[in-house]
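Some notes on the structure that comes next.
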């Protein structure tokens, strides 16, 4: 059966060529701004969050932003929206998991994010977090990045280098050093950049290689819009210039076919200066109903809301 929001043949061809497609509308700007205002306050209550570890919520660690869809009703509905999932199904097929979500705030004066690619997501932890079967040619995850606020060049929108999704410039088996004071806001080719306490250049296969920033395109979006891209696409973000005192907020939901092994042989995640137990973790089946037993699923949030698969 044809899905209402499925990618057209032209959109599919564009995605295969460039590694991204969009932006598309999930909400009106007014609806998103009002919803985010309420959600932001509600998220301050972490009593039902899947990760209660003190290490996860101390300081400004990026890991504290993981997987709030597991306890928040709006985010639980968001990851299952047909506007998103119909298009993801066009790419990944009839059985799909949402295996992670995370917030990406950018405050006035914040640095831009380093150019990077992610395949197994071992980049910060040193241990693969998703593994595709050996007979599959490709890895990575589909990221759906939704603008919860307006995102523009001045406040730090995303940047993509089209067509870079099929070749990795980084080796995720290398290790990066977590040194926030040293690595954040380093000027790289004239732009202040960092990677949440790491320097992503430490993973480069060729230490003399530089991204082709002349080919980069900005992804300016209105609140309520989303973009779809391969995590293996070269992507970064601009610094927040401080011209506005409003933060920029993005929410990333990450999707893989259900046969991809999520968190293999792992009972915790340790990265970005934090550590969290996976005791209450489960991936969410957002499309279809077939998933191998090696992937642990959850059907409801920690507050009892059912995830509605498409």
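Every residue, even glycine, has its Cβ placed from backbone N, Cα and C.
Annotation source Swiss-Prot lists 2-oxoglutarate binding site at 113, 114, 115, 116, 145, 235, 248, 254, citing experimental evidence. The DSSP secondary structure for residue 145 (2-oxoglutarate binding site) is strand.
Less than 8 angstroms from the CB of residue 116 (2-oxoglutarate binding site) sit 123, 170, 195, 200, 234, 235, 236, each of them six or more residues away in the same chain. Here Swiss-Prot flags 116, 235 as Fe cation binding site, drawing on experimental evidence.
Secondary structure at residue 248 (2-oxoglutarate binding site), as computed by DSSP, is strand.
The 10 Å shell around the Cβ of residue 248 (2-oxoglutarate binding site) contains 26 further Cβ atoms across the protein chains shown.
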